[in-house]
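Here's the structure we're looking at; comments come further down.
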Amino acid sequence: MMAFITVKPEIKNNLANVAKELKIDEELLKSANRSAQKHQLYCPGYVIEEHSGKELQTIQDIKRFLQPRQLKLSDSWIEQEKIYDDSAVEKEIKKIIDVFPFVSCREIGRSVLGRPIWELKAGGEHAVKKVHMNASFHANEWITTSVLLKWFKEYCMSLCCNSPFFGFSPIKLFNSTSLSLVPLVNPDGVDLVLNGSEVMGARRDELERLNEHRPNFNEWKANINGVDLNKQFPSLWEIEKYRKPTAPSYRDFPGISPLTEPESIAMYRLITENPPDRLLALHTQGEEIYWGYKGLEPEESAAVIKEFEELSGNIYKGVRDIDSYAGFRDWFIHHYFKEGYTVELGKGQNPLPFQQFSHIYNATSGILWRALFFHE
């Protein structure tokens, strides 16, 4: 349950005035209160414990109550660099929707082991464009979740204080572009890499065998069934079938057919039910951005990739064509002829050491900001 304050219902008759007094964008405040009851006021950018105290009678009462609870972009929670397993992601999402009540959250599916796969959404009521971002398709690429959640908190907080980043107005982006974000596509696999097979119960022996009895699971990319989720999509899947492992493995097995795994099915349905205009999938490693697929990508991809390169400080390099099929982005471009980008974060051997996080984040954040922008 999101945290709200109890106010005199009449105060909400003029949300524009409330927004002005609290120095919150009016559309942002309206978005935060779309589902609020008449006595509830949700205030983005504040840390509010569930409030069931006395009814606040005036805007001045509200301001006095909120003042010591206001967050800033420099707050440690916004700036933190954190490793996330599945339970940490759930806790973070709970706080995000509490502090930023204009963010909605829903379960789009469940993993093999029954863990929820969450989608976060943020965007103005009249936003025309749609962007989707995701992280941790591959288990040992868990650092992508850390990058995406840190950036999303930065984006949400910048909306509350209307602080521009990379020359972009966050409020303009919010009002024009609806963002869909899945921070942890492969929760079982990420937990296996970070926490080991001890937490996997009856499947421990099977997982040790699929991992070829290595001392750890650092090379594990697949889901818990030993299927590579990013080789599961119906776009020339047969090519991957004939050249990749033919049985479950710690990496690269594309499954016995496309879309056999609950995680890939959830992502497939998410896109088919509401196709975005642009898609970004975060992976590691190589400091490259794959943007083409069989010549089916739209013309604007070539221009956008140049801006991505510049905003990364020319650390990332665009690569139009690679020898890869049946990926999430591949399928998206193949079937929708829209922009799709695989951003390969960092350099080194997966899982990348977390000491790289600051460098990776600094090179990536501008790309994520630019991804929300569309030329009129």
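Note: Cβ is positioned from N, Cα and C throughout, glycine not excepted.
Under the heading active site, proton donor/acceptor, Swiss-Prot lists GLU344. Here GLU344 (active site, proton donor/acceptor) comes close to HIS283, THR284, GLN285, GLY286, GLU287, GLU288, ILE289, TYR290: these same-chain residues lie at least six apart in sequence, with C-beta atoms under 8 angstroms from its C-beta.
For HIS138, GLU141, HIS283, the entry in Swiss-Prot reads Zn(2+) binding site, with the evidence type sequence analysis. In three-state terms derived from DSSP, HIS283 (Zn(2+) binding site) belongs to an extended strand segment.
Marked as domain 'Peptidase M14' by Swiss-Prot: 82-372.
Taking the centroid of the Cβ atoms of HIS138, GLU141, HIS283 as the Zn(2+) site, the other same-chain residues with Cβ within 8 Å of it are SER136, PHE137, ALA139, ASN140, THR144, LYS221, ASN230, LEU282, THR284, ASN350. Taking a C-beta cut-off of under 8 angstroms and a sequence separation of 6 or more, HIS138 (Zn(2+) binding site) has the following same-chain neighbours: ASN186, GLY189, LYS221, ALA222, ASP228, LEU229, ASN230, HIS283, THR284, ASN350.
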